[in-house]
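One structure below.
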Amino acid sequence: MELPASPAASAPASAGERWPPLESSPEVFNQFMWSLGAQEDEAEFHDVYGIDADALDMVPQPVLAVILCFPDPPQDASYSSDLLSSYGEKQETHDQVYFIKQIESLGNACGTIALIHAVGNSYSEINLVENSCLDVFFKSTASMDPYERALFLEKDDAMAKAHSLAASAGVTELCDVVEEHYICFVAVNGTLNELDGMKDGPIKHGSSSSKSLLQDAVTVIKGIMRNIPDSISFNLMVLSRKQNNAGTAS
């Protein structure tokens, strides 16, 4: 199945110009990520041109995270409570899922939140430039809960400026009404986690690994697509570690 071209996408708009929507394209996300402190020779985003086996085989490996841009669904109760991880206590260890909420004042920041989820859960695989935006952000928010991280992001002027520059780099004409949303999939501690800042926490989807992450995520994504049958506004990207550095991170 072929996926359509890139929409400009994000969560429901409410915070105006500070967090405009990002175009779902590797070019925009790569320049954004590299400007924030991920090193260009470490990792990059790629389009996924289809969800059939042949198209997935063409995706550069290893895949660190999967990002889906899709029509923003209405709020529902489609996930049972046992799928949602509990975040009643602050995270104290580095091996848990890194998750950040999308609060109303973050407006159309779901693209940035998806990027943060992708990089934040690939920290051991990607070396960040010391004292860069992402390096400072992750070090500053490591012991915070998801809501505190959202408040920190809301006040992060450097991150907001970089977000705005990335939003202006897209070629898609932006609309007043933003109808798409970003979510991220990562494999942490042998479990596939769906990370959606509009939810209360990570959504667990069973076992997964770095080798099977893309295929496991696509299984979930097919279900999402079946639930929104009348739309073609889907775009899929992966964050992959560059081959020349694969397996070299400490």
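Glycine too: its Cβ is placed from the backbone N, Cα and C atoms.
Caution: TrEMBL annotation is automatic and unverified by curators.
Here TrEMBL flags 1-21 as region 'Disordered'.
If you look up TrEMBL, you'll see 1-15 marked as compositional bias 'Low complexity'.
Per TrEMBL, domain 'UCH catalytic' is recorded for 18-241.
What TrEMBL records for Q102 is site 'Transition state stabilizer'.
With a 10 A radius on its CB, C110 (active site, nucleophile) counts 29 other CB atoms from all the protein chains. Taken from TrEMBL, the feature active site, nucleophile covers C110.
Taken from TrEMBL, the feature active site, proton donor applies to H181.
Taken from TrEMBL, the feature site 'Important for enzyme activity' applies to D196. In sequence order, H181, I183, C184, I203 are the residues of the chain that are 6 or more apart from D196 (site 'Important for enzyme activity') and have a CB within less than 8 Å of its CB.
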Checklist entry - How far is it from Q102 (site 'Transition state stabilizer') to C110 (active site, nucleophile), counting Cα to Cα, in Å? => result 7
Checklist entry - What average pLDDT is reported by the model for the domain 'UCH catalytic' (18-241)? => result 86
Checklist entry - With every protein chain in view, how many other Cβ atoms are within 10 Å of the Cβ of Q102 (site 'Transition state stabilizer')? => result 26
